[in-house]
Amino acid sequence: ASTKGPSVFPLAPSSKSTSGGTAALGCLVKDYFPEPVTVSWNSGALTSGVHTFPAVLQSSGLYSLSSVVTVPSSSLGTQTYICNVNHKPSNTKVDKKVEPKSCDKTHTCPPCPAPELLGGPSVFLFPPKPKDTLMISRTPEVTCVVVDVSHEDPEVKFNWYVDGVEVHNAKTKPREEQYNSTYRVVSVLTVLHQDWLNGKEYKCKVSNKALPAPIEKTISKAKGQPREPQVYTLPPSRDELTKNQVSLTCLVKGFYPSDIAVEWESNGQPENNYKTTPPVLDSDGSFFLYSKLTVDKSRWQQGNVFSCSVMHEALHNHYTQKSLSLSPELQLEESCAEAQDGELDGLWTTITIFITLFLLSVCYSATVTFFKVKWIFSSVVDLKQTIIPDYRNMIGQGA
């Protein structure tokens with residue numbers, strides 16, 4: 001098959017089915033060749049809760065794959081989720097907005113609002129990554145993305161405002177041509193850590209000849225009193241210790257807002273084989289999440305120290321760390337468990353041998369008794385047959 005760019009389809013639940021704690025948004029990447037294709041969410045800003053499935057070769061000789069991200073249901077009305085697809089062999093880049101369907105065929109819905117301009121450019125505004133806003137050594141950025149810019153009107157103008165005051169330090173990247181003969185244009189505004197954490201509002205204003213009026217998008221940190229996360233580490237389950245790999249768990253709860261970063265390390269080196277759930281809204285208005293690190297059982301049993309690092313604005317210095325290792329108490333417990341298992345195995349072996357010997361003894365005794373009784377019975381019968389004639393002779397002589 002010749003080189004072919006993918007078709008991208010957003011996969012989203014209806015708004016009626018997202019009433020639970022989380023919602024799954026998906027992206028189907030179909031009919032491309034050759035491998036590979038890369039899928040990210042919100043231009044890489046969203047990594048938690050993302051799972052991209054392996055590509056599947058279809059009978060047509062073309063590949064397909066899907067990517068799913070799990071997000072809090074409460075965020076669907078306030079945050080934008082974009083599936084970014086990049087197929088380098090065909091020089092194809094596609095951005096698809098994924099959002100719940102607002103109308104349902106089986107229900108009467110009010111008229112859906114008209115888009116800003118049917119077939120014209122669309123604008124999306126993304127917040128900085130939580131880790132970037134919490135570490136002074138990193139640079140937080142607010143990103144404004146314009147898609148579906150036509151060849152006829154390729155020029156896009158960006159104006160940025162912080163709390164209503166225009167700023168001029170944003171950088172606009174070269175426009176990128178998409179598979180559908182449109183352009184994608186990105187402007188990035190570097191922000192101050194404290195400005196973002198203090199709740200300043202950022203506005204991106206986009207002007208283009210294809211638009212009847214400029215499009216404005218605003219974004220800021222979630223409002224509300226920050227709440228400090230509580231961090232707990234959990235060792236592997238005893239049942240899991242029979243396997244070659246074990247799971248170390250980090251529970252982070254009671255935090256607000258949901259912007260948080262969780263990482264793992266061991267002996268000062270980062271650990272990459274971990275998965276972190278998206279923040280889940282709890283009944284008290286705070287959020288919680290779980291992070292699971294998978295390691296070889298041998299590393300755990302050797303006493304290596306594993307640390308769960310959490311970054312959140314409500315923490316002192318925005319950072320805390322909880323460590324976990326095979327402590328003497330846990331080691332003793334595991335040893336006792338193994339010893340108990342060994343003792344039980346030995347006990348069952350002893351019981352089995354005892355029962356076997358007992359049954360053999362009973363069978364032997366029964367057999368011996370049977371032959372003894374048979375011999376005695378035969379002797380008595382023979383003796384009786386010998387005595388009876390003599391007794392009759394004696395009676396005859398007496399008469």
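From the backbone N, Cα and C atoms, a Cβ is placed for every residue, glycine too.
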Let me make sure I read this right: Swiss-Prot says CYS144 forms a disulphide bond with another cysteine. Which one, out of CYS83, CYS103, CYS204?
CYS204
I want to verify the bond table. Which candidate from CYS112, CYS250, CYS363 sits on the other end of the disulfide that Swiss-Prot records for CYS308?
CYS250
Check Swiss-Prot and name the cysteine among CYS27, CYS112, CYS336 that pairs with CYS83 in a disulfide.
CYS27
For the region 'CH3' (224-330), give the DSSP counts of helix residues, strand residues and coil residues.
16 helix, 54 strand, 37 coil
Can you tell me how far the Cα of CYS308 (disulfide bond) sits from the Cα of CYS27 (disulfide bond), in Å?
31
Sorry to bug you, but what's the C-alpha spacing from CYS250 (disulfide bond) to CYS144 (disulfide bond), rounded to the closest Å?
34
Compare the C-alpha of CYS250 (disulfide bond) with the C-alpha of each of the recorded positions CYS83, ASN180, CYS204, and give the closest one.
CYS83
What is the three-state DSSP composition of the region 'CH1' (1-98), stated as helix, strand and coil residue counts?
12 helix, 51 strand, 35 coil
